Amino acid sequence: MPPSVSRALLLLAGLGCLLPGFLADEAQETAVSSHEQDHPACHRIAPSLAEFALSLYREVAHESNTTNIFFSPVSIALAFAMLSLGAKGDTHTQVLEGLKFNLTETAEAQIHDGFRHLLHTVNRPDSELQLAARNALVVHENLKLQHKFLEDAKNLYQSEAFLVDFRDPEQAKTKINSHVEKGTRGKIVDLVQELDARTLLALVNYVFFKGKWEKPFEPENTKEEDFHVNATTTVRVPMMSRLGRYDLFHCSTLASTVLRMDYKGNATALFLLPDEGKLQHLEDTLTTELITKFLAKSSLRSVTVHFPKLSISGTYDLKPLLGKLGITQVFSDNADLSGITEQEPLKASQALHKAVLTIDERGTEAAGATYMEIIPMSLPDSITLDRPFLFVIYSHEIKSPLFVGKVVDPTQH
């Protein structure tokens, strides 16, 4: 790399913590005006976020069909959209089009306003759904940033900024990792393994989620059972069990059974269990239109659900993945990030994303809390998620997928 081209390190940390989880104490209380609630700008960007989520999922899935997948498309999109504030020319266009925005149909101002409203919505303190998204700019102490970029990052993306000396990579790495670890309450540690001394700027984002099942499982019903990783591999997992009223239906287009489980606070988990031998078909055929249809479909019935307790994570180098979606120039020596600073030519040298998922029985924090519902005295349907399946965690408030994933082996952390 020519010495005239400095490095900008782009870091992204997405955390999904489902039962249990923690909401950062320092989360600022941000009110949403009634005007914004009447005109949810984040809904305008929702179709693009959903398309980006599935496109990125397919790129990740193509890399390996034997590992779990878990990432936050919202986290990744937030960080790159914020980066686009300082990008110009083809660099700028590639980033936004790579996030699946049609720039002839959606004005750039609407895109950023959509993300601004999304952040206001997810960071609301009055929601039963504990959800927070945070951005930070980690700036080399001698780097002077453009005033407009700093102001836009703060006003549109609620970004805070702090200074480090990247010439001391170990100290800078410790500060960044400590920031992420603190913000995710210890769920994401050591995000940055190596740091180049030529780094001038780091963008950090994390999304934090604590979901409470609307209908929690009882721990005493959890038993060790088989999970069939593939035709030759079976592992033992703690399998949760619950009889309740759920939306359950079979989709012939996907050759899959769809289970919808709701969280308190206007969020839903869609679990897609493919028919035997149809996992690849499901991954190739799933569309945003089908997800929207599943979320709207009502097929409530008595169902015995058998679901594996799990704690999985995903760590991704986004540079090659996003390159396949057309985002290449920002990582090259031809990057134009002069809207961030004119002091030094910048490029993004690295883009990291780490996400952590925990699913267990607990639906409330209060000891002894009980959920009761009336079950008709007919023979219930049953679904056992004992082989690889896909899932989408969806926020109805922002009409976008918060997290997307695949469980291949629940014992693989």
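In case you wondered, yes, glycine gets a Cβ from its N, Cα and C as well.
For 1-24, the entry in Swiss-Prot reads signal peptide, with the evidence type experimental evidence.
Feature annotation from Swiss-Prot assigns N-linked glycosylation site to ASN65 (among others); the stated evidence is sequence analysis. Non-local contacts of ASN65 (N-linked glycosylation site) by the CB criterion (under 8 A, 6+ apart in sequence, same chain) comprise LEU279, GLN280, VAL408.
Annotation source Swiss-Prot lists N-linked glycosylation site at ASN102 (among others). Counted within 10 Å of its Cβ, the other Cβ atoms near ASN102 (N-linked glycosylation site) come to 10, all protein chains included.
Cβ neighbours within 10 Å of ASN230 (N-linked glycosylation site), excluding its own Cβ and spanning all shown chains: 13. In the three-state DSSP classification, ASN230 (N-linked glycosylation site) falls within coil. The N-linked glycosylation site annotation in Swiss-Prot covers ASN230 (among others) and is backed by sequence analysis.
Around ASN266 (N-linked glycosylation site), taking its Cβ as the centre, 15 other Cβ atoms fall within 10 Å, counting all chains. What Swiss-Prot records for ASN266 (among others) is N-linked glycosylation site, and it gives sequence analysis as the kind of evidence.
Marked as region 'RCL' by Swiss-Prot: 368-387.
In the three-state DSSP scheme, ASN102 (N-linked glycosylation site) is classed as coil.
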